[in-house]
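Single-structure report; data block below.
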Amino acid sequence: MPLFGKDCTRSKLQEEERYLKANDRNFNTKFHYVNNRIKTSKYNIFTFLPINLFEQFQRIANAYFLFLLVLQFIPQISSLSWYTTVVPLMLVLLITAVKDAIDDYHRYRSDNQVNNREVTILKDGKLQRGKWMHVEVGDVIRMENNHFVTADMLLLSSSEPYGLTYIETAELDGETNLKVKQALTVTSDMGENTQALASFDGEVRCEAPNNRLDKFKGTLTYKENKYPLDNEKILLRGCTLRNTEWCYGLVIFAGQDSKLMQNSGLSAFKRTNIDRLMNILVLWIFGFLIVMCTVLAIGNSIWESQKGYYFQVYLPWDVDTPNASFSGFLMFWSYVIILNTVVPISLYVSIEVIRLGSSFYIDWDSKMYYPKKDTPALARTTTLTEELGQIQYIFSDKTGTLTQNIMIFNKCTINGKMYGNVHDLSGQRIDITAKTEKVDFSFNPMADPKFVFYDHSLLEAVKIGDPEVHEFFRLLSLCHTVMPEEKQKGILIYQAQSPDEGALVTAARNFGFVFLSRTPETITLVEMGKTVVYELLSILDFDNVRKRMSVVVRHPDGKLYLYCKGADTIVFERLSASSQQLRDITTTHLDEFAGDGLRTLALAYKELNKVYFTNWQERYQEASTSLENREELLSELYEEIEKDLTLLGATAVEDKLQDGVPQTIETLSKANIKIWVLTGDKQETAVNIGYACNMLNEDMKNIFIIDGNNSEEVCVELRKASAIMRKEDQTEISIKQLKKPTFIPEENVDGEYGLVISGDLLAYALEDMEIDFLKTACLCKTVICCRVTPLQKAQVIELVKKYKKAITLAIGDGANDVSMIKAAHIGVGISGEEGTQAVLSSDFSFAQFRYLQRLLLVHGRWSYFRMCRFLSYFFYKNFAFTFVHFWYGFFCGFSAQTVYDEWFITLYNLMYTSLPVLAMSLFDQDVNDRWSMAYPQLYEPGQFNRYFNKLVFVKCIIHGVYSSLVLFFIPYGALFEAVRDDGETVSDYQSFALIAQTCLLVAVTLQIALDTSFWTAINHFFIWGSLAVYFAITFTMYSNGMYLMFPTSFPFIGTARNALNQPHVWLTIFLSAVMCVLPIIIVRYLSAELRPTSIDKLQLKIRKIKTLPPKPVVRRLKRPSARRSAYAFAHQQGFGALITSGKNMRIRNINYKPSKTVV
């Protein structure tokens, strides 16, 4: 049983085979299989503190500060109070721990919600209600229609004939088309007999838990007989039961062992590019710190041996200090403590706060809120926001991510006339808008109210009885494998294998040809209010080779007709000579449909001779029962009957993209982001979506489709494509394996290219020729990988991360996308109708793909810009602060005395300079969101780390060192032997410390004012308010009252009022501050004037334009194309055989009474 949320039941040994017995928990418990509880959270109440602290101290800086804290407790070397380190360290650990706890609590709540779903379990011969987390391997459970499948299980029986069960796998792969599973006959006969099911004691031996969604191997032993088990008999966790009242299943894999969870993988600890750079820079700083401390320690040894040794009467050595060398050793550690502010711990506190603020901006952005589903954008991880501004590669799923998985009957051509366009009174074609009048289908009581069409002329043709139009819709209502269902009284629902078929049958329904019901032998239609029953004689089913489907039916008048629909190129080859003229006109219409990105199907029919068909049917029966060459014989018979067809027309279905997808892809391409599509769909569908999204277009110089049969052919094709793009010699292409480099640089080619490769060939590319594949793919503007497995998706991303060193983003919506979402630097989940598994594993989520451009171009760019500004300023101000100590060491005998008051050291980063830099880091913007979207080119600096890198860091050091020289020596020179107006000296240590720290604070305040691009009331309040707070605290702490109450803690009595009332002191402060910022002003001015970057020019252009850019308008991108897609079918073999066998039929009552029935 789980203990405190931690699953303790998993076997520690690697499982090689699963062996279980139905309805026998005692037997199954011996194998220590996990129960159905899932756990994606990382901590529990007992492990949170140790694990979280362990993770936090993996950060070099945290471990460093812990080491400093230990040093400060050693009296011989501690020159600062312990609280100067422990308070900031505790603060950063606390803030990070709280943030991690909140993130993990959200994961825990999500797990808890799933674990507490209710399910019906068969226990002790009775059906009992229980929770998902209490289900164990070997249990028999009952599931209801429209419910999620609880665990991976063997289908035993169902409400459907022959143990058939219909499922929807949207949670797994984002597809909403129905899939069918069938139970073994020996178990389906048990039905819902609870006694028979409770006494079922079958034993299952099968493969160990794995992440292969499409494969399963096992055997069932029952009553001394063995039955083979495959994927067609398995229901996977996360699927949804559809069109099936109930079913029973035997749990095989539960909880973390289920294929859904196996595909989820482990939650990787993601760190941003900035974090990785920071670790390197922190090591540099440590090295720099060691050098400085060594110099000062050597200086102390020399000073003590040459001068200190002779002044021991005034400056006695400690009893534990035997000589000058040991004194230098102790001073080394003392300076390590004093100079630790080069890496202040408040840096990490501020970074966490900035990231948290950026995450809230994403959550609060109303422009990324989807009102239809009441779904806001959500930053599920608060540590990756600035990396959104550095994305170079986007890897996207297709179904449910780019598309809505919704098909819409958009246009058609019937007998040479096109329907679907809208024209004005003068006959001019006009665009369809929200105000365009829709066709009124109120004449048809069975019309689908969701169906929309705008061309009224098509309905008029139906009403006047145009015979070709009637035959067109009759074909659509007869030639399909759709199953009707009445979920509510009088409401007809179609269950289709693919949304394509559903769209066509729904169109026919609305135009008066309603598909009402079917049996294995008949199809019942309601044609213009009259019920007509057609005898179904044969279904010539669809497959990927035939690319068409046909049905043979007998009309009520006794005539036989064959109706065919399929790819236009396939159907046109089988037309009679009489259809030639109509074919030419239809081809013109199809080209126009293709230009609109629509998926087309050609429709044709023929009347059959009764004698011929009887003979053909006999030969078909012989071929279908033949033991040899069955497929070839059937194919020949199909070819024989499907010829000399009469063309009716063609349909144009829109595979509806999510709103704004083409525009989003176009915008992201302008931002120099490459988009790859990784999908499980077949090649034709994936390529068609590529064209519809404008990722592929006719203007490309070449689109390489890799179709080799083995690894050598794939290698040759990849290298040939690479040679073509590079304009190299193609005659000498070898298959010699290339040496693997550590990094593949970016290359530019002349023109745009595309690459399409399928999953089986990708397997060769990823194993033997990953360098060839990556080099070729990276030369292309668009890459489409189709028929890929979830594992291959992750492998492609890992390949790009390994050799391109690029920041990657993966976006998807199904469980099959989880692996790539976790593999990428940034994972984005689409929270739509296709399940939540991807969202639960993602770093960011929203409802529509189009929001991705705002996430990257606005939030990502701003986050990166702000973080870089913050880091540059933070390192500058702390180097300026720290190096003053270094210079002071040469004037204090290298004694590790601090140049500032200890309270100033403590409050400098925590109070005086923290709020101004946070204000800049949370509110600053070089351009507003409208300009960021209008000019995607502004995104490029983040991709190349131009705003903060090692060179920028070195510049910060130089600037800080220069400022420290100014801040030390100008006050030093100004106060050297200086006196007040009343003749009293002001050249004492305390006055110098006060003036030096005041000069520092004024200088860094002016610098942040100079760095701020976008001023708000908060910026003004924090920047100038921090200065005011400094003076208020200084005068308070240096007052007589504080000294009298705490004489040891506040020794600077009267220093502020004695020093800061002198004019020359204020002149010194002014001169120091101006000298610090003047070089920066000069350098920035000269750089912008003499060597402006393209981004500088663009920003100057934006500043000169007084008005905001117009709001983006979503426009339909039309592409001229001669390419047509012809798939309005499911991706797998159709249901034709099931329908004609009658195995999937049961009596359904459709509550509709027609005016007349014709049989």
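One-based numbering along the chain as shown.
Any Cβ shown, glycine's included, is placed from N, Cα and C.
Bear in mind that the values here come from a model prediction, so they are computed numbers and not experimental data.
What TrEMBL says about this protein:
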type: DOMAIN; residues: 21-86; note: domain 'P-type ATPase N-terminal'
type: TRANSMEM; residues: 57-74; note: transmembrane segment
type: TRANSMEM; residues: 80-98; note: transmembrane segment
type: TRANSMEM; residues: 280-303; note: transmembrane segment
type: TRANSMEM; residues: 323-349; note: transmembrane segment
type: ACT_SITE; residues: ASP397; note: active site, 4-aspartylphosphate intermediate
type: BINDING; residues: ASP397, LYS398, THR399, GLU501, PHE542, LYS565, ARG599, THR679, GLY680, ASP681, ARG787, LYS793, ASN816, ASP817; note: ATP binding site
type: DOMAIN; residues: 839-1093; note: domain 'P-type ATPase C-terminal'
type: TRANSMEM; residues: 870-891; note: transmembrane segment
type: TRANSMEM; residues: 903-923; note: transmembrane segment
type: TRANSMEM; residues: 952-972; note: transmembrane segment
type: TRANSMEM; residues: 992-1010; note: transmembrane segment
type: TRANSMEM; residues: 1022-1046; note: transmembrane segment
type: TRANSMEM; residues: 1066-1087; note: transmembrane segment
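Counting only same-chain residues 6+ beyond the ends of the transmembrane segment (992-1010), those with a CB under 8 A from a CB of the stretch are 873, 876-877, 880-881, 884, 899-901, 904, 908, 912-913, 916-917, 920, 963, 966-968, 970-972, 974-975, 1023-1024, 1026-1027, 1030, 1034, 1038, 1052, 1055-1056, 1059-1060, 1065, 1068-1069, 1072-1073, 1076-1077, 1080-1081.
Helix, strand and coil counts from DSSP across the domain 'P-type ATPase N-terminal' (21-86) read 31 helix, 1 strand, 34 coil. Calculated from their C-alpha atoms, the gap between GLY680 (ATP binding site) and ASP397 (active site, 4-aspartylphosphate intermediate) amounts to 8 Å. All chains included, 25 other C-beta atoms sit within 10 angstroms of the C-beta of ARG599 (ATP binding site). Counted within 10 Å of its Cβ, the other Cβ atoms near GLY680 (ATP binding site) come to 27, all protein chains included.
A separation of roughly 9 Å, to the nearest angstrom, links the Cα atoms of ASN816 (ATP binding site) and ASP397 (active site, 4-aspartylphosphate intermediate). Of all the binding-site residues in the record (PHE542, ARG599, ARG787), the one with the smallest CA separation from the residue listed as 'active site, 4-aspartylphosphate intermediate' is ARG787. Shown are the binding-site residues ARG787, ASN816; the one with the most C-beta atoms within 10 angstroms of its own C-beta is ASN816.
For the domain 'P-type ATPase C-terminal' (839-1093), the model's average pLDDT works out to 87. Between the farthest pair of Cα atoms in the ATP binding residues (ASP397, LYS398, THR399, GLU501, PHE542, LYS565, ARG599, THR679, GLY680, ASP681, ARG787, LYS793, ASN816, ASP817), the distance is 34 Å. The recorded positions listed here are ASP397, PHE542; among them, ASP397 has the most other Cβ atoms within 10 Å of its own Cβ.
For THR399 (ATP binding site), the Cβ neighbour count at a 10 Å cut-off comes to 27, with all displayed protein chains included.
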